[in-house]
Amino acid sequence: MPNCFKFHTVIERHWQKPYPVLSFLLKPLSGLFAKIAAKRRTDFLSGKRQSEKLPVPVVVVGNIHAGGTGKTPIVAALVSGLQEKGVKVGIISRGYGRKSKAVHVLNAESRAEDAGDEPLLLFRKTGAPTAVGSSRAEAGRALLAAHPDIGLIVADDGLQHYALRRDVEIAVFPAADTGRTDLDLLPNGNLREPLLRLDSVDAVVVSGGKADALFRPSENMFHSRIEAGRIYRLNNPSEILDTGRLKNQTVVAVAGIAKPARFFDSLRNMGITVKRTVALPDHADISAADLPDADAVIITEKDAVKFSDGICTDNVWVLPVCAIIEPDLAAFVLERLEDVPKAV
């Protein structure tokens with residue numbers, strides 16, 4: 001396991017700053033991957049492979065990267081924006097990292113092992129009916145059966161899940177990659193599909209910063225930024241942390257997300273002195289036993305949902321975040337669709 005983790009770390013560094021030797025070895029494999037991915041998409045679009053259309057409009061929010069684009073807060077913001085406009089929204093997702101493969105419609109008792117950490121976070125954050133399943137169409141059918149008043153479904157991820165037809169495609173693209181010329185497909189790079197794929201989506205949302213001036217793959221460009229909320233106690237979310245009291249305390253930050261440095265930087269930007277940081281693999285299981293000793297341990301919202309039954313210690317705090325998308329992405333989606341029913 002340690003050797004596998006070390007190899008994965010080397011590959012991820014290579015994706016950010018390519019090593020010439022690795023590029024020489026991996027480039028042919030990326031060429032093969034590109035051909036397979038292109039044929040698969042063509043087969044679905046031509047009807048050679050079957051795809052399913054759900055009885056309500058489907059909006060896919062995904063990416064051409066292999067994770068780490070800041071998509072989950074954007075999905076939450078879009079769903080909330082649609083809800084504010086009176087739309088009854090449902091969410092479907094694969095539910096990466098969960099222990100079961102069965103379709104699961106989330107409820108108040110759902111845990112991360114049932115649904116996956118990101119779908120559970122979206123469900124709790126937005127209150128939108130949510131279902132998970134490796135087949136998005138099957139998850140969508142189950143969701144509509146449980147909540148027949150849903151007027152629109154947002155598919156979290158699944159841009160490459162062509163077995164489900166979609167009415168609107170939204171691709172999230174990290175600002176840090178908008179000026180790069182060395183991006184490549186897996187395994188030489190971290191792209192699932194080539195940059196040209198962005199030409200065919202309905203909109204591109206640039207996340208995490210300002211895009212390069214020459215980056216404009218779509219007529220419909222949006223930008224998102226993350227705003228940190230008020231830190232609250234895990235065992236009592238109504239209790240807000242007075243960060244001033246941390247001045248003489250030992251603070252440790254723990255994150256099991258794709259880009260933990262963003263989380264750690266957010267805390268420092270809030271004026272919090274973090275003595276130690278603990279970066280866990282994305283979607284990693286985490287329990288109270290994994291948390292280090294400290295006066296205060298601050299974790300992400302995504303990790304917080306893994307403590308479904310709470311924990312015995314009172315020194316664990318949660319930093320919530322939200323995405324601000326400009327211009328109005330929810331309004332754009334409704335303009336692309338016709339006659340989306342509003343909630344009664």
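Keep in mind that glycine also has a Cβ here, set from the backbone N, Cα and C atoms.
Taken from Swiss-Prot as is:
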BINDING   His65, Ala66, Gly67, Gly68, Thr69, Gly70, Lys71, Thr72  ATP binding site
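Taking the Cβ of Gly67 (ATP binding site) as centre and 10 Å as the limit, one finds 15 other Cβ atoms among all the protein chains shown. The candidate set comprises the binding-site residues Gly68, Gly70. Of these, Gly70 has the most other Cβ atoms within 10 Å. The Cβ neighbour count for Ala66 (ATP binding site), using a 10 Å radius and every protein chain shown, is 16. What surrounds the ATP site, by Cβ distance within 8 Å of the Cβ centroid and not counting His65, Ala66, Gly67, Gly68, Thr69, Gly70, Lys71, Thr72, is the set Asn63, Val172, Pro174, Ala258 from the same chain. Just so you know, of the binding-site residues His65, Lys71, the Cβ with the fewest other Cβ atoms around it within 10 Å is the one at His65.
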